[in-house]
């Protein structure tokens, strides 16, 4: 059964007054920036975390920095290779959630979903906090107000997403490519200077770092292992966001999976290059970087740094050194870094509704999230995300270092379950596959995913061990909460489904239709409702009027007789001006007298357009409808009468329908041009 | 046409599970306290205002205090006599608003209505502020926090009224009679002491009052007139609230008008006695009382009173003096005065919805306010009233003296229009009345109202002259605002009525009914909707399914064929998961193909009970219904399917319906006993 001829005609044959939703697939050069901002932006804070952790035992441990960078790069490579398998095996864009659900079952799927939900909140909190720190590096007046700036940024993002941004590839492409150019250019220029021996020193190069108590040299072997494990697990923040492409395969140009896999490889390459370059360069310029809460451990010639000392982010310090005699270079790097961080936060605002709609489809979230264009559902999700991020930002005073402790757990929980799911996927594929060439390919994929799993499993254990008490417990708790909520919703939907399941005894057809038309006045809406009700030829039809005033009643009865509609009018007396109750009771009584019949209640409604007009009309009709829904054997029919002003609301509705919603671009949907004339078929 | 036999059976023949609304008429002894608290409570602040105004020219002007009291008493007597005419002529409880509208036209009616609306806000602000001052007289810790206490009291009143208080006559009777007993008892005891020469002096008796600059003795004749005019207009605050009974005639026991008139007379007698007694006694104890902002004008032996001096309200000072060796007497008087003031504020919370429903009936306020039991409308009104009062209290720092400047204008505007209306009423009555005995009575009534008008007109002019710049302009502005809003609403309703007015060409009966049943799944609700739709025997009937997923669609089609319902299923494809748009477009297309037909859209709905279940169901149905209302020639039928949990909501609804709402008692309605078994007919 295809699209009906009638509906086809309207779909094609009318002038589009407003933008129409269509599919626009992304070429690789656009897809890369659309999906990469989150992953690439982590270079703005991940190296900082490695240096902070190593600094616990003093600046001498910075010799480990590039080795840890390499270790993180190896894990990232393994993860990227694994996800390349995923995009081939699951091109539908369900990502980790789909992989886990299909291969490991509902519980694993819900676990991944709750990890992802928590991650979206943390992506906003971490990226925006880091962005606020870059802003304060560029604009001294912002110093010590990072939390306030971060909150304002979140509110601006929220407002933009509520309002709806006309997203386009360019919107993502320009800042992302500028960021790549800025970071890679800076690193190249810096490394060239280093080779020429002319690389300037960082502003913090002259400082010494006092180790934390208990971490003085010489470190025990165990101490060193703990130190490196902590630095490594913090550095793994660089991996956040790489899974984005696996959720966006449907938005790629064909061949979708192949293009997505290539883009993923490209992303990995760029991310690893950036990270290693930044770490090496930071070491070269003699950077000294400690936990911003422990600035007193920074000393200059044995004395602590002055109280006003402000420690700038690693990339800001590199830019300052590399471009020490060319300040536009510094401002350019810091500005695009700030922008890319905000863009990364925006991806969470985009991804959240997409995940919501997938969860809704599976009955884990309110069903309304599943259909496109539910304004309320979208808005609630966006406000929820922003509020949670603001709470975190305020609670942790916009300190990236502290928020990072919460961040990585969720990411690696979903990495692990996803890799495990992929291994199961390939093992199952082997059960049926007989072609030896294909089997070889499957073995290869399974090996890649197994390597990915072993790496991510190790990282998850390290992260849990080193970060649980430092904040990861909050994440675990939040995941538990989301898990319980989704389980609860699923349970509710399942119960309802069982209660609603059709059975064979449920076919009894009502024998009689008793129609009543609510009459408040004898005006066009009432006459229309009477006409419509009459057209349905019910077994019995009467008007029903609730009388609260004798004079008015008499006048109405007279008018009714004059009209001579041939329909009897029933008057229900209501001395206390109650309108709803007499009607409900009357309908109930009719039904009781005819248990095999059905009562059809027709309610004339005016449709108005301006928002304040809503308060002036239909309130009683609304309450009545709400109340009649509880009455068995009753159906309620709204007969609308469109007032002239209703055109205003209709136009508003249509504008709303065609608006691009957060995440549409990532699903390969964009609004097409306005006022485009589509040829009539 | 009476109550239908079917509806009569349900009204009488079932066990009442919850309280049922009924009529309970008030005997005079209960009606007096129910309606009098507002009028009587003004004795708690009106005398204070007289003393403050006279003090402008120094304590020597206190010789005028009792004469001004007498003048106020004369005006009050005239007003009370006038209202006795009103309750006879207009026993329906419309009060000033009805009198002005019927006799002077719509504009006068709206003017009175806006005056009354402003007065309700000010009743709350003034009574509660005064109450907070009494609280701080009794509890020293409250001193200087009057505004905060007043705001908290308003919020408590708001919460109580939102929640719904089980009002009863006793609720009003006990505090009101205690208040009468306290004030009259105190005055009698004090005057006895005075006669015996043993009356103690007030705490402020030893003080001197420096006149305001320019008001030093000797006063010019013009100066004296201005002084007395100001004192008199402030003293007229004692008249606020006397109109309450004229709004409550329907709640009285029969003969309603006669009982109401008697109660009114009683109220006037008590109020006048109280006021004069308090003024005389205050003079006797040597009270010195100035504007609380000008405490520096109070001097003791030539030096200003110390900075911490707290000036207690007149009744508090009298109680302190009269009961100087019996402190329980003092606390009793002050406590019941505070309570009666809060009770007076509560009458505004009661009267506001009553006025709202009368205005709604006339199309001056949203119609929803007119029907009993519109929870939302009631709540909005109560919250609005509380917020406005809080704004005033905060803006004027809970200072009764300043708020009084705003208060009296509105009261006297409605007094004037009401008296003018009554004169017109009697004049008209004379035109038709031939019986000379009745004519004599009418002449007498008209004379009384004319006297009332002349007094209230003079007071209004005095009030406007003396108070306009001191704050009355705010009231005039607010009245203008309410006036404009009501005019606007009326205009809107009139426009809609014209647009909706039935004409003769509007009778064309649709010839065909094309029914479509929305199918999302094949479960009981869908089957019921199909059965109901089938029972209406439309000209054509089909199921409509929006396909967003091919697999699901195939499964549904298979199930549909298995069921063999005999109804065709139309599948609308929606690649972007839009549900609403394809259906709206399909309905539009059907209608376009059959301009003389009507499209009946049947939507299966589940009815759930718990509040959070609402979010999980029917959201799409709701949006769809909202959208289809804009489509001409379409009617929308909700076919409800009650889930087991819906019982919870039904019970909640029923509880809600039977709750007593603010103002019910004043309209003669109370909830009758729960679980009362009504005999089956």
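Even glycines carry a Cβ here, placed using N, Cα and C.
It should be emphasised that the depicted structure is a prediction, and the values quoted were computed from it without experimental measurement.
What TrEMBL says about this one:
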- A:63-83: transmembrane segment (TRANSMEM)
- A:104-127: transmembrane segment (TRANSMEM)
- A:147-165: transmembrane segment (TRANSMEM)
- A:177-199: transmembrane segment (TRANSMEM)
- A:263-282: transmembrane segment (TRANSMEM)
- A:330-355: transmembrane segment (TRANSMEM)
- A:376-398: transmembrane segment (TRANSMEM)
- A:404-426: transmembrane segment (TRANSMEM)
- A:447-465: transmembrane segment (TRANSMEM)
- A:471-489: transmembrane segment (TRANSMEM)
- A:653-681: region 'Disordered' (REGION)
Inquiry  = Quick check: do the transmembrane segment (A:263-282) and the transmembrane segment (A:447-465) share at least 3 Cβ pairs under 8 Å, counting only pairs 6+ apart in sequence?
reply    = no
Message = Applying the under-8 angstroms CB criterion, which one of A:63-83, A:147-165, A:330-355, A:404-426, A:447-465 scores highest with the transmembrane segment (A:376-398)?
response = A:147-165
Remark   = Highest Cβ pair tally under 8 Å against the transmembrane segment (A:330-355), stretches A:63-83, A:104-127, A:147-165, A:447-465, A:471-489, lands on A:104-127
Note = Per the Cβ filter (under 8 Å) with a sequence gap of at least 6 from its ends, the transmembrane segment (A:471-489) is approached by 110-111, 113-115, 117-118, 121-122, 359, 363-366, 402-403, 405-410, 413, 463-464
Note = Checking A:63-83, A:104-127, A:147-165, A:177-199 against the transmembrane segment (A:404-426) for Cβ pairs under 8 Å, the most are found for A:104-127
Task = Go through the chain and flag residues at least 6 beyond the ends of the transmembrane segment (A:104-127) whose CB is under 8 A from any CB in it; none is fine as an answer.
result = 38, 41, 45, 96-98, 154, 157, 237, 240-241, 341-342, 344-345, 347-349, 351-352, 355, 359, 362, 364, 385-386, 388-389, 392-393, 396, 400, 403-404, 406-407, 409-411, 413-414, 417-418, 420-421, 424, 475, 478-483, 486-487, 490
Key: When counting Cβ pairs under 8 Å to the transmembrane segment (A:447-465), the leader among A:63-83, A:147-165, A:177-199   = A:63-83
Query = Sequence-remote contacts (6 or more beyond its ends) of the transmembrane segment (A:177-199), Cβ cut-off under 8 Å?
reply = 33, 37, 40-41, 43, 270, 273-274, 277-278, 280-281, 284-285, 315, 318-319, 321-323, 329, 332-333, 336-337, 339-340
